[in-house]
Amino acid sequence: MHKATLAVSAALFVLAVAYWFAADAIPASRLAGQVGADGLPKLLGLALGVLSLLLAGQTLFEMRRAAAAGQGEDKGEGGDRLPGSWREHLRALGLIGIGVGYLLLLPHLGYIVSAGLLLAAVATYAGLKPSWATLLFAVGGGVVFYLIFVKILQIPLPAGFWPGLLR
Amino acid sequence: MDGLTYALDAVTTPSTVLAAAGGVLWGILGGALPGLSPSIAMALLLPFTFDMSPLAAIILLTGVYIGAEYGGSIPAILIRTPGTNAAAATVIDGYTLHQQGRGGEALGLSLVAGTIAGLVGLVCLVLLTAPLSALALYFKPPAYFALAFLGLSIIAALSEGSLIKGLIMGVIGLMVATVGTDPLSGVTRFTFGEPDLLGGIDYIFVMLGVFAVAELMSKVAEKDGVEGGAISKAVARVKLPGLRKLWDLRRAQAIGTTVGIIEGPIPGAGGTVAAFLSYNEAKRWSKTPEKFGKGSEEGVVAPEAANNAVTSSALIPTLSFGIPGSNSMAILLGGLLIHGIQPGPMLLTSRPDLVYGLFGGLFMSNLFMLIFGLLVLGPAIWLVNRPKPYLTAGIFMVVLSGIYVINQSLFDFWIVLIAGIIGYGMRLLKFPVLPLILGIVLGYMVESNYRRSLLLTNGEHRVFLENPLSLGLLICAGLIIGLAILSEIRRFRRPGIAAHG
């Protein structure tokens, strides 16, 4: 996990620098008072920069201690490996992929169909085998969510192209 | 007398009664589902509180919290899997009692002990909130800034993981809070020309992402089995203890309640610590300590009383100082801020209706817990027995539908998904979540009071040292950070421990 923490420290330092410069570019305003709109952001950018360097220093120190103690590179949480495998992390990101797919389909297919598809996709992705039960869950779930959110709570969720077909 | 009127008003208004009932019901079901913590159960409902009255919204969220603490004991007792972290101590004797054919009794003890402790905790909350709020008169902008700074310092120092990681997350939280239109000067900051960012990044979306979406991502990644809990339907009946039994268990009840009330306001402690601590204390003071671990009734009563007493006493710092000590309280704070209510020393003065109404709501919620605890065991078992992928899909759909309720904007979905990825990464790298949330929630309080304070002294920072309250709070913050640094240095000096990070 140490290497990953070092990489994150570096990324946080870059973020701190970028944030500080973005704060510096904030236009001044006469309404701002003694401390402008850029005052606290600059302070935060500086704080994050210092803290990311401290985190990197702490991690390097831990690595040296681990090496001196004879601990190998890949010894669980204290070593360089992240908890879980890359396959697991990719699986986790797959859920976000399904969410993105839902977002892209929602304006076109409408809420009820997109909800059904998302329910089927996530249930299958999480381990269920495609079956009539899964299909029933998706169709029933889509209808239930539609009734709750659109009909009962009156949330104007996208209807998709279906209403156009009925005109 | 006014306070009592407000409380009575809350318990007789249909919308607040419904909110308490709905919150407790959802809380019990959510708490019964292993992996769905009280904070996630609360976060899922957060978008739906937008159109509610502030009082009903806050009663709904506290109802979820109260219900979830009992709900967590259902799978703990019946399938040896705590529904919430705080129910982990209940597993030890609760499950043993179930194996002895006394699962219904264990559930009844958990329910009654939790209700009694919740009500006693409420009395303490009522008694302590007013004196603490009397401090309101002394709070000026420098003190408010120092209070928020102290809150962030405490949470960063006590969070799981290293102090530096806690501080980094607090700073990033404050950075997120600066996105959007500056409320003091009207200048836009960090919006990169995106109109959807003009209003800032709503903490609800960050909460949904880092709590709910990150949790679902972890579940999908682990692929922790498809089958549900497999609880036998034969135990679907709670058996309430009689008065004589309760009298016999009074010592464990008193220990659990006291420990819960003391632990609740302490940031970072929460129900889990309280439950284990009270279990140990109950065993130490028990006349039959040898029964602990072998199906002791006291071993169920003490931790369940403790984690339910926490639900009331944890509200003390949240309401009185605006500093949440746990994830659940951070979400509750978010719920208050959604409605433009700033918790803190002035809350009791500015919104007594809300504070006393909430007390009434908490009273109702505890009673509803007793009623629904008896009624919804069957549905809760049915839910726990469903294959996990159905639950994962259903919860993801609730999150994605709930987001749209708030602004009816597809842009918010992206924020939640990105927050989910960041939350998942934070879990992997052991960065604490609470300082991030607290930074976002307290961001406005920190910046506005910092700038207002400097307006008073033409930019001189000495204003924070001249105000006695501000100075005291900043010294406390310094001491907490200093002690945390010393503790980290000591940890590094211990050979072997530093190597494990």
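Cβ atoms are placed via backbone N, Cα and C, with glycine included.
The shown structure was predicted, so the numbers you read here are calculated from the model rather than taken from an experiment.
What TrEMBL annotates here:
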TRANSMEM  B:16-36  transmembrane segment
DOMAIN    B:18-438  domain 'DUF112'
TRANSMEM  B:43-68  transmembrane segment
TRANSMEM  B:107-130  transmembrane segment
TRANSMEM  B:142-159  transmembrane segment
TRANSMEM  B:166-185  transmembrane segment
TRANSMEM  B:197-214  transmembrane segment
TRANSMEM  B:354-384  transmembrane segment
TRANSMEM  B:390-416  transmembrane segment
TRANSMEM  B:428-446  transmembrane segment
TRANSMEM  B:469-486  transmembrane segment
Worksheet item: Hey, would you say the transmembrane segment (B:354-384) packs against the transmembrane segment (B:16-36), going by three or more CB pairs under 8 A that are 6+ residues apart?
Response: yes
Worksheet item: Mind checking which residues reach the transmembrane segment (B:197-214)? Cβ under 8 Å, same chain, six or more beyond either end.
Response: 37, 39-40, 43-44, 46-47, 176-177, 179-181, 188, 190-191, 327, 330-331, 334, 337-338, 395-396, 399, 402-403, 406-407, 412, 415-424, 426-427, 433, 436-437, 440-441
Fill in: the transmembrane segment (B:428-446) versus listed stretches B:16-36, B:43-68, B:142-159, B:166-185, B:390-416: most Cβ pairs under 8 Å
B:166-185
Item to complete: Report, as numbers and ranges, every residue of the chain located at least six residues beyond the transmembrane segment (B:43-68) whose Cβ falls under 8 Å of a Cβ in that stretch; write 'none' if there are none.
Response: 10, 15-16, 18-31, 37, 83-84, 118, 204, 207-208, 211-212, 308, 311, 315, 328, 331-332, 334-336, 338-339, 341, 353-354, 357-358, 361-362, 364-366, 368-369, 372, 395, 398-399, 402-403, 405-406
Practice prompt. Residue list, the transmembrane segment (B:142-159) vs rest of chain: Cβ under 8 Å, 6 or more residues beyond ends.
Written response: 165-167, 169-170, 174, 267-268, 321-323, 325, 344, 432, 434-435, 438-439, 442, 445-446, 449-450, 453, 463-464, 466-467, 469-474, 476-477, 480-481, 483-484
Discussion item. Cβ under 8 Å, sequence separation of at least 6 from the ends of the transmembrane segment (B:390-416): give me the contacting residues as numbers and ranges.
Written reply: 33, 36, 44-48, 50, 194, 196, 201-202, 204-206, 208-209, 212-213, 216, 219-220, 383
